[in-house]
Amino acid sequence: MLDIKWIRANPDKLDESLSKRGIDSVSKSIIHIDSEKRTLISLIQKLQHERKEKSNSVAHIYDKSSTDFEEIQNDVKLINQKITELETSLLHHEKRLSEIMDNLPNLVADDVPYGTNSDMNKVLKECGTIQNIKFPKHHYEIGKNLGMIDFNTATKMSGSRFVILKHDLAKLERALINFMIDVHTTEFNFFEVSPPCLVKDHAMYNVGQLPKFADASFETTTGYRLIPTAEVPLTNIFANTTLLEEKLPIRLVAFTPCFRSEVGSAGKDVKGMLRMHQFGKVELFTIATPEESNREFEYLTTAAETILKKLCLPYRVVLLCSGDIGFAAHKTYDLEVWLPAQNCYREISSCSHFSSFQARRSLSKYRELCSKKVNFLHTINGSGLAVGRTIIAILENYQNPDGSVTIPEKLRNYMGGQKLITPLTETVF
């Protein structure tokens, strides 16, 4: 959520930021509705004061049958009617303003490049060595040949975009989760938590998922939503909270299953594990002061990059343009891993700086150490990494001509010293 006071003072800057996103200007509408709202509040307060004075004067009239007493009573009645009318109008204006503000995206950072789609994103750097693999197979082909990726059985019970991992690939998934969290906690001082995967609507609103993206998540019949990312519960840990500046920054890491309806993704990545309704993800989250937030954003991104470096997976860092950046994001880096079979880079992590956007919605604040002033915090989060896509990257980049897959060196201790994943000779199902 944006600051209405800032919008009043900077209408042109708001429209400029919206224009970069390809959104029509709304500052005039916001300021007009806000002005009418404030006028209504002023009129209501004036009438309430007048009513109070008249009510006080009644107390000094001892003859309740007098004309003065009756006139004042009639005046108070008319004032009450007028206040009711104005309050109804005020509620209407507040609703209109809230609808606009709730659907207003965050301001894009000054260094975010202009662009209309992902083709205009800016590649900042490429890291790692792309191996020359002759006739590379797709991850789903490799997994099928290993006998360890089962889409058919998953589809029977859950429908499309679900998968069952078996044997060494299930073990690899578990190894990756532990490896990622160990790196983030021991090398980057993130504090591990295990949050809920079901949340109420207000928690989704606080991070910017609602109301705009209501159809992107799964909703239960009892008022809960399955989280699309651990960003939701991690951010809401600090909702309606005022922290002390000396306790900041706070860095959290969590592994959770994530659930997405993938509305609008029909026909996209229909084969394999790239786009699933359920997937595991290690999430990084930081809450910091505005002065620290840019540094913490780079720090969090470095933590996510470190996983790719340790696994020796080729990747690149991309700065998203204004037309591709998320609704709540102020600035976003995507980490894209190389997939040999697709002969291209694909997103494996998205790291975003949200400035005070989420904190304003969730009322997450801090008290300055010296001045004792209370201000809104800044939030930052990113994948560290998406586990399923990391499995995809390992299968494709570490595939061998004989159908086996080499286990990255950093994961071998987590796999009981195992160096290779070889095809199953028999399976339980």
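Each residue, glycine too, has its Cβ placed from N, Cα and C.
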Swiss-Prot annotation, L-serine site containing Thr229, Ala230, Glu231, Glu283 - matching residue among Ser118, Ser371, Ser383: Ser383
Proximal but sequence-remote residues of the same chain as Ile348 (ATP binding site) (Cβ under 8 Å, at least 6 apart): Leu308, Tyr315, Leu335, Glu336, Val337, Ser383, Leu385, Ala386, Arg389, Thr390, Ala393
Sequence-distant neighbours of Glu231 (L-serine binding site) in its chain (C-beta under 8 A, six or more apart): Val207, Glu283, Phe285, Asn381
Listed in sequence order, residues with CB under 8 A of Ser350 (ATP binding site) and six or more positions away: Gly326, Thr332, Tyr333, Asp334, Leu335, Gly382, Ser383
Surrounding CB atoms that lie within 10 Å of the CB of Ser261 (ATP binding site), all protein chains: 17
